[in-house]
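Engineer: Quick one: the structure is below, and I'll ask about it shortly.
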Amino acid sequence: MFGFLKNLLDDNARDIRRLQKTVDRINSMEPEWQRLSDADLQHKTVEFRQRLENGESLDDLLPEAFATVREASRRVLGMRHFDVQLIGGMVLHQGRIAEMRTGEGKTLVATLPSYLNALTGRGVHVVTVNDYLAKRDAEWMGRIHRFLGLQVGLIIHGLDFAERREAYAADITYGTNNEFGFDYLRDNMVIQPQHMVQRELHYAIVDEVDSILIDEARTPLIISGQANKPTEKYYAVARIIPRLTKDVDYKVDEKAHSVVLTEEGVSRVEKMLGIDNLADSLDWAHHVNQGLKAHALMRRDRDYVVKDGEVIIVDEFTGRLMFGRRYSEGLHQAIEAKEGLEIQNESQTLATITLQNYFRMYDKLSGMTGTAKTEEPEFMQIYKMDVVQIPTNKPMQRKDLPDVVYRTEEGKFNAVVEEIVQSFRRGQPVLVGTVSIEKSEQLSDKLKRRGVPHQVLNAKHHEKEAEIVKNAGQRGMVTIATNMAGRGTDIILGEGVAELGGLYVIGTERHEARRIDNQLRGRSGRQGDPGQTRFYVSLEDDLMRLFGAENIQGVMDRLGMDDSMPIESGMITRAIENAQRRVEARNFDIRKHVLQYDDVMNQQREVIYDQRKKVLNGENLRDTVFDFIDTLVENMVNRFAGEEKYVENWDLPAMLAYAEETFQIAVTAEDLHEMEKEEVIAFFQEKAQERYSQREQELGLETIRELERIILLRVVDSHWMDHLDAMDHLRHGIGLRAYGQKDPLVEYKYEAYSMFQEMIASVQEEFLRYMFRVNVVVAQAEEEKQEAEAEAEAETVLKNAVENRSDDSLPKQPVKAEPRVGRNDPCPCGSGKKYKKCCGVKG
């Protein structure tokens, strides 16, 4: 074990030594660069781009480019990159993760690789966790880039189409993970290529990379519209779930946050709902699954609150109320049914992608954070990125004290309050990290009773949050915050605080991941400042209750310790960290397993979006249309012929009617007399292709090519939306296959493939029906109308997608955007048809 750790440390040290040689080269250039005039320094950008065109690589330019950014930063911001920041910049350029402690200037580090990679002209995305940080960095660090002649863009909440397009056209674009992901989805819903805003996904630098690529990796970004689905099944399930018995009819795994029916439970549910086979009814299976989750896993006032007749989600990490946000996949409706509230309309998913799959599409991906090494295996396996620990600029002075363990939560919080009171009397600032809004308010009440003035950080805007966190290092300040609050904002010590021991960080509970605890510790001891940290733990905490409190409980019992007596030892701290390692490994396994399911959907999305992009960009579809005709004819003949060899035994009337309706060709039974199946197929293919060639002459080549493009995009989008819903139901019902001794993942892959093939066949059939039947007058009118509608719809989707989300990044629950017109709503064109059967499909 120690040999393995030694190798890891040696590898990191070797990396640093190797990069230090380049740092020495950059340092040797500094005197020469300092003598350059502003104009000469700015001209370096033009020179570098010319050298790239002449065949030099970015690696060739790196030392000079980094020297240029360092000197520009010194002149513009008065900030000179430290040597360790140059090393961090090189690590990011290599597509790796730079682990840099809090206060070491990660924001300034990002200017180095972003400038270098922007020289290619292909764009660089700098990704932050919220709008406040994106705006701050674009304005602050953007001054360096603008001085050097680069354009800087900003993607935040509330921008219109033109502003977004301009921001993405810039050399370097700052923005949040959610905004980048939503823009990608919206780009894959447009009808005209000029409505797209993003360029290719070239290079991304992800700030707080652990938060975005691990904590929120599976957060689905969803653009949705209302589906108006019936709600009776939610109420029916809500009535029967309370009649089921835990551990008999269903089993809850708190560690895995999952609930499953037992075989007995399946039988009881089938009987109570009056259905024969739950596994065969994906819709009922989906409702039961979500109902079980709502009743057994989702707790009122922890996971959500009920306010004014609505279910409001509580963010697990920050404790904020997520107004306007809803759980997806029917879970929100199931909770509404459980609470006896009016069920709001379920949403129809129009487009979706997880952050994990979005960021894996970049040609080069890098990230920075204060805490990543503990998750390196996951970064390597999922994103192919290793972690390099960057040395601090000044030696660390922070003292991390051993954990203190109490028998009860009440005993623990009393001890925390006592410790805060003592520190407050000394004038030493204290930052207390809690795991939930409930716990922070509980602690706040105790401090009020002791007369200790303090600030509580929850459900505040980022601007206010950053201000509170920034002031948390002032003398006598007591700040209570959720563990994740205030990331990206440095806590600077006030006058005289260093002499008092610096900022004292108290953790009131160990998180499942060591990384989250390390983030809290990292608020103290920035840039060589003094500081201290300690965690207070009770045997009633979730981590201790679920993972290994028995041994410590035994020790406390033998010693006859009461609630107010703690155990404090390095051995206890190590035991807790071992429990965390086990949880981390289990969580990684769960995420890997879930990713196997996600990858199936992701592969299908890539196929659809890739084909869609080719159509959007004006690829000639004539050959594609003729391939569709050949395939559909073959399917038609096989369907109506069945196993019969002779034409006389086929269902000829139905086949001929189908051919006339679909291909607009009149064929009689006599035309097929004495033909074999292959001859019939060839005959119909030739007839249909001839008819389509006539359509080309009737409509004109230019008109029919544009019609093909618009109609195919509409039909694909319509069927893709329905496919997303079907896949979602399949995903939630597939677990029941395990009762039949079948591997759910294998079954899911098989059925997903079959469903995808069926969707493709349906797309081809519906597309051809439109193309054979549309006439020239309607085509011209519809085309003009469609362009106007497409543009209006793009604006509506964009506006609503942004308006229905809050600014910050959200773990666990999906992030949604909802356009106004639902697919089952009446079409706004006034036809009287449903939108999905009218302008939601055709062009």
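Even glycines carry a Cβ here, placed using N, Cα and C.
Fair warning: this is a prediction, and the values are worked out from it, not measured in the lab.
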Engineer: From the candidates ASP490, ASP517, ASP541, ASP542, give the one listed by Swiss-Prot for the same ATP site as GLN85, GLY103, GLU104, GLY105, LYS106, THR107.
Structural biologist: ASP490
Engineer: Quick one: among the binding-site residues GLY103, GLY105, which has the most Cβ atoms sitting within 10 Å of its own Cβ?
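Structural biologist: The residue with the densest Cβ neighbourhood is GLY103.
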Engineer: Identify which of the binding-site residues GLN85, THR107 has its Cβ surrounded by the largest number of other Cβ atoms within 10 Å, counting every protein chain shown.
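Structural biologist: When each Cβ's neighbours within 10 Å are tallied, GLN85 leads.
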Engineer: Give the sequence-ordered set of same-chain residues, not counting GLN85, GLY103, GLU104, GLY105, LYS106, THR107, ASP490, with Cβ within 8 Å of the centre of the Cβ atoms defining the ATP site.
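Structural biologist: Result: MET100, THR102, LEU108, VAL109.
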Engineer: These are the binding-site residues: GLU104, ASP490. Which one scores highest on other Cβ atoms within 10 Å?
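Structural biologist: When each Cβ's neighbours within 10 Å are tallied, GLU104 leads.
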Engineer: So how many other Cβ atoms are close to LYS106 (ATP binding site), meaning within 10 Å of its Cβ?
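Structural biologist: There are 24 of them.
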Engineer: Please give the maximum pairwise Cα distance, in Å and rounded to a whole number, for the ATP-binding set GLN85, GLY103, GLU104, GLY105, LYS106, THR107, ASP490.
Structural biologist: 17
Engineer: By the DSSP assignment reduced to helix, strand and coil, which category contains GLU104 (ATP binding site)?
Structural biologist: coil
